[in-house]
Amino acid sequence: MGMTKTFNCPLVAIICDILGEKTTSILGAFLVTGGYLISSWATSIPFLCVTMGLLPGLGSAFLYQVAAVVTTKYFKKRLALSTAIARSGMGLTFLLAPFTKFLIDLYDWTGALILFGAIALNLVPSSMLLRPIHIKSENNSGIKDKGSSLSAHGPEARATETHCHETEESTIKDSTTQKAGLPSKNLIVSQNQSEEFYNGPNRNRLLLKSDEESDKVISWSCKQLFDISLFRNPFFYIFTWSFLLSQLAYFIPTFHLVARAKTLGIDIMDASYLVSVAGILETVSQIISGWVADQNWIKKYHYHKSYLILCGITNLLAPLATTFPLLMTYTICFAIFAGGYLALILPVLVDLCRNSTVNRFLGLASFFAGMAVLSGPPIAGWLYDYTQTYNGSFYFSGICYLLSSVSFFFVPLAERWKNSLT
């Protein structure tokens, strides 16, 4: 499931551009629901690999990508806080294990899967609430006063400009005059036209009226699929390097914390409290980190970089925690710092992606980070088999965190290089 979710993110980004966020999210909800329901009839492990791995994994990729992109369109000033609130529930996933056990004991595993499918089906009406952002301006000077033309409205405005240039005739005819601050007579995007650009199915029906226009849509989709313009963007490498290594490090302490506590002779019930405390504190930390970042005292990537360094130092000191109070101290510190940087992943991406679309930027970065998610725990397991101690796993995690922060030191250099080109 995890492999399908992360490796399909570039493809999901293109599908999201074609169908629209609402339709893509509904499709993802049906895939997750269908995967759980079909899995209740499973008769073999290969059957479950498809129904529990492929379908829910692909559906989760749809849902995650849409949620991230829509959040960047809905919020600008409070993006970090809104992102933190949206993903804060991920810190409470430790409650799923006892809840799943309760359902299995009560309804057997088939009944539990059907109930999970029913729960996932609630994502359909929630996806229908994803309304497109409409931009309407009656006076170009009014837009000019707010910032510099449409860029003042953030990602949603850039998305509108991109869609307008993808059609043959656009209401925004001269982006050069916008940047120069000159008046433009055709700078009105009406509500109906905005719906045409943002509502995927409507846009498709308009573009597919003739074979010629259909060929244009297919050609545009292929260009998006094989678009390599991001690989010429230094900010993409900066973000992807950090995202990949931080994801490589994050799941190692999560998987090995309880196991290490057991090797130290700590009772299994006491060890389970460590996971509960980590989940709760990570949730609270994300919300606080998002609020602090939105105050704009310093740039968001500075907060992100600091949290990564603190996570690295905490994991390097983790082998010194040999008693339950020390392990609890480590858990508290790591959960606070991890929640801090997790809340800022999307806001930092939006700040760095500049003129690139968030969809493609996040899709490609998630693809590479998915490789790290899959390889992190096996590498840590190999280290334990080789050393017969979990200390090496925590050292490896700490080093990865420290290395993940290195790329952000090159942001000022990349900004100067970018400014020199303009």
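These residue numbers are counts, starting from 1, taken along the chain as shown.
Glycine is treated like the rest: Cβ placed from N, Cα and C.
TrEMBL does not curate its annotations; it predicts them automatically.
Feature annotation from TrEMBL assigns compositional bias 'Basic and acidic residues' to 155-172.
Per TrEMBL, domain 'Major facilitator superfamily (MFS) profile' is recorded for 235-422.
Annotation source TrEMBL lists region 'Disordered' at 144-176.
What TrEMBL lists as transmembrane segment is 12-38 (among others).
Look at TrEMBL and you will find 44-67 (among others) tagged as transmembrane segment.
Taken from TrEMBL, the feature transmembrane segment covers 79-97 (among others).
For 109-130 (among others), the entry in TrEMBL reads transmembrane segment. If you look at the transmembrane segment (109-130), the same-chain residues 6 or more away from its ends with a CB under 8 A from one of its CBs are 21-22, 25-26, 28-30, 32-37, 39-41, 56, 59, 63, 66, 70, 100, 103.
Residues annotated as transmembrane segment in TrEMBL: 235-253 (among others). Here the transmembrane segment (235-253) has long-range neighbours at 304, 308, 311-312, 315, 318, 334, 338, 341, 345, 348-349, 352-354, 356, 361, 364-366, 368-373, 375-377, 379-380, 393-394, 396-398, 400-401, 403-408, 410-411, 414, 418, meaning same-chain residues at least 6 beyond its ends whose C-beta is under 8 angstroms from one of its own.
Sequence-distant contacts of the transmembrane segment (273-293) (same chain, six or more residues past either end, CB-CB distance under 8 Å): 80-85, 87-95, 254, 257-258, 261, 300, 303, 307, 327-328, 331-332, 334-344, 347. The transmembrane segment annotation in TrEMBL covers 273-293 (among others).
With a threshold of 8 Å between CB atoms, the same-chain residues lying at least 6 positions outside the transmembrane segment (305-321) that come near it are 242, 246, 249, 253, 289, 327, 329-330, 333-334, 337-338, 340-341, 344, 391, 394-395, 397-402, 404-405, 408-409. Residues or ranges marked as transmembrane segment by TrEMBL: 305-321 (among others).
Among the features that TrEMBL reports, transmembrane segment is placed at 327-349 (among others).
Distant neighbours of the transmembrane segment (361-382): 2-3, 5-7, 9-14, 65, 68-69, 230, 236, 239-240, 243-245, 247-252, 255-256, 346, 349, 353, 392-393, 396-397; these residues of the same chain sit at least 6 beyond its ends, with a Cβ under 8 Å from one of its Cβ atoms. Per TrEMBL, the feature transmembrane segment maps to 361-382 (among others).
Listed by sequence, the residues of this chain that lie at least six past the ends of the transmembrane segment (394-414) yet keep a Cβ under 8 A from its Cβ atoms are 234-235, 237-239, 241-246, 248-250, 252-253, 256, 260, 301-302, 304-305, 308-309, 311-319, 352, 379-380, 383. According to TrEMBL, the transmembrane segment annotation covers 394-414 (among others).
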Positions on the same chain near the transmembrane segment (327-349), where near means CB under 8 A and six or more residues out: 68, 71-72, 79-80, 83-84, 87, 90-91, 239, 243, 246, 250, 253, 257, 260-261, 264, 266, 273-274, 277-290, 293, 300-301, 303-304, 307-308, 310-311, 314-315, 317-318, 321, 358, 361-362, 365
